[in-house]
Amino acid sequence: MPIITQILARQILDSRGNPTVEVDVYTESSFGRAAVPSGASTGVHEAVELRDGDAAVYLGKGVLKAVENVNTVINDALTGMLVTEQEEIDQALLDLDGTPNKSKLGANALLGVSMACAKAGAEYSGLPLYRYIGGTMASTLPVPMMNVLNGGAHADNTVDFQEFMIMPAGFDTFSDALRCGAEIFHALKALLKSKGLSTAVGDEGGFAPNLSSNEEAIELVIEAIGKAGYKVGSPTDKGGLGDAQVMIALDPASSEFYDSAKKRYVFKKSSKRELTSLEMAEYWEKWASDYPIISIEDGMAEDDWEGWKVLTEKIGSRVQLVGDDLFVTNSKRLAEGIERGVANSILVKVNQIGTLTETLDAIDLAKRNGYTSVISHRSGETEDSTIAQIAVATNAGQIKTGSLSRSDRMAKYNELLRIEEELGDQARYPGRKAFRV
């Protein structure tokens, strides 16, 4: 029987050398293990990541309180439950915590248990996790958003915008798309080196050179695509792919440079320029006309609903507008966005909400309302590759899991290669069809 016999948590280190929670779930006949990621630029509406706050130990970032919550309160409550009853398990976790933002037990405690239970349930059922969650229809490999150049909170340079990404959508298989991304990554490295710029990589494996402007950053990426021998889209594509193989995606992380007191977007790392919400929306409108941009994530700040509305009206018909800090994988926030008519896509980060069931609910709500979903990592990752399984399980069609370096990022890409191989002729790579613009 798949009855939970023990839940055991421990403190491990993530890809930035910070503590995080890992959970083991044991049943009478199966086992599941999951490790929890952590973000650098976090939305104010995210579920609470419980940290110890003892400055003398791991600079206050220890997670022993969360570990203790798993090993006592959660273990005692869930032992004896059927591991295959995921919704019941997740509801029990929510009831145990009893707060709207998981601040009592910690979202990092709840998520580790939720994901480990799913893995134990999959093992008991004799199924890969993507089949266990998604059933027989789970067969879509995601188009990757590959973060090759960094700025903002992810880099100590003069670039305001956090992530410049490539999306190899013009291919028939995930493996070919991955090869394209890797070759562009190496072409970009050679290009930076030829210009005497740094090729050190940041938290997510992307380069973070000291550039003169935000425009130089995107232009370098476009140049690297060409040097790798691939065709990039053109502004005349209006967000479409045409016969191009690669498009650009951005994550400016606009909340990070929004001054709520001034109600201005301040380019504090580069020109010191200050823009109103309307001017910021017009700025992105110009970029979407000048560059082959298919997707912009967090183009406006997390609580600038009016700015989001203007941006959506201006370019939402031809550019995927992804809400990350805006929606924080929260169905209530997403429902508000749908009602207001803002954005057209949601970034899905499992640790923003805290349980697998809530994550799947948000993806389902997005699908029912014509919004796309992008399954995402965090800047602080581990070797855990659950998000690769979730991307295929939900047929999301897109994944954001870093650059083409660092083994914590490669773990997800390599898992997707294995899934594609396992699916064989059933595997489907959506390419341009992953977008609804």
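Placed from the backbone N, Cα and C atoms, the Cβ positions cover glycine too.
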### Candidate sharing the (2R)-2-phosphoglycerate site with Lys349, Arg378, Ser379, Lys400 (per Swiss-Prot), from Gln162, Gln245, Gln389, Gln426
Gln162
### Query
Asp243, Asp251, Asp364: which one does Swiss-Prot list with Glu297, Asp324 for the Mg(2+) site?
Asp251
## Note on the structure
All chains considered, the count of other Cβ atoms within 10 Å of the Cβ of Ser379 ((2R)-2-phosphoglycerate binding site) is 24
### Message
I'd like to know which of the recorded positions Glu204, Asp251, Glu297, Asp324 sit within 10 A of Lys349 ((2R)-2-phosphoglycerate binding site) at the Cα level.
### Response
Asp324
### Task
For Glu297 (Mg(2+) binding site), just count the other CB atoms lying within 10 A of its CB, please.
28
### Message
As a test of the contact definition, list every same-chain residue at least 6 positions from Asp251 (Mg(2+) binding site) whose Cβ is closer than 8 Å to its Cβ.
### Response
Asn147, Phe161, Gln162, Glu163, Met165, Ile296, Glu297, Asp298, Val322, Asp324
